[in-house]
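S.K.: Okay, here's the structure, questions in a sec.
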Amino acid sequence: MRVALETAKQTPAGDVPVGAVVFDAGGEVVGRGVNRREANCDPTAHAEVEAIRDAARTLGTWRLDGCELVVTLEPCTMCAGAILGARVSSLVFGAWEPKTGAVGSVLDAIRDPRHLHTPEVRAGVLEAEAAGMLGEFFEGLRSN
Ligand SMILES: [Zn+2]
């Protein structure tokens, strides 16, 4: 999560700071992503999708079996779908996202027993730091 928090600092100005990192089974970083929705004018450019694409390029396969995705914010439904589609083995996230979170907040799109494949989930890792980074961003928006 420390690596994901560091990665989040590379989010372009004007985008909500979110960082995601994919680790392979040996613990090596194989993918990184930050939220670039505003910068890229791309509604799918969430940190998780960017990190999954980066990891798939690095590994030369779309199958991320054995990989762990660590992200600073609870994934939305789109990202939950990407995580399932990539066969990511485990998911770790920091802050809860009460409005759009799809890993337990609004709904749980990951741990549905009807899925063929269900990643392990650890939630709320370094939650205070992850939430603090978002809080600072939104405070900055309000004061501008
Ligand atoms: Zn998302």
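Indices start at 1 and increase along the chain as displayed.
Each Cβ is built from the backbone N, Cα and C atoms, and glycine gets one as well.
Among the features that TrEMBL reports, domain 'CMP/dCMP-type deaminase' is placed at 1-106. The Zn(2+) binding site annotation in TrEMBL covers His46, Cys76, Cys79. Feature annotation from TrEMBL assigns active site, proton donor to Glu48.
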S.K.: Taking each of the binding-site residues Cys76, Cys79 in turn and counting other Cβ atoms within 10 Å of its Cβ, which one has the fewest?
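M.R.: So among Cys76, Cys79, the binding-site residues given, the one with the fewest Cβ atoms within 10 Å is Cys76.
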S.K.: Compute the mean position of the Cβ atoms of His46, Cys76, Cys79, which form the recorded Zn(2+) site, and then list in sequence order the other residues of that chain whose Cβ is within 8 Å of it.
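M.R.: Same chain, not in His46, Cys76, Cys79, Cβ within 8 Å: Ala47, Glu48, Val49, Pro75, Thr77, Met78, Ala80, Ala82, Thr100, Ala102.
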S.K.: If I restrict to non-local contacts, at least six residues apart, and a C-beta distance under 8 angstroms, what lies near His46 (Zn(2+) binding site) in its own chain?
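M.R.: Listed in sequence order, they are Val18, Gly33, Asn35, Arg37, Pro75, Cys76, Met78, Cys79.
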S.K.: Work out the three-state DSSP category of Cys79 (Zn(2+) binding site).
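M.R.: For Cys79 (Zn(2+) binding site) - judged by DSSP and reduced to three states - the answer is helix.
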S.K.: Write out how many residues of the domain 'CMP/dCMP-type deaminase' (1-106) are helix, how many strand and how many coil, based on DSSP.
M.R.: 33 helix, 24 strand, 49 coil
S.K.: Quick one: give me the count of other CB atoms within 10 A of the CB of Glu48 (active site, proton donor).
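M.R.: Counting Cβ neighbours of Glu48 (active site, proton donor) within 10 Å gives 30.
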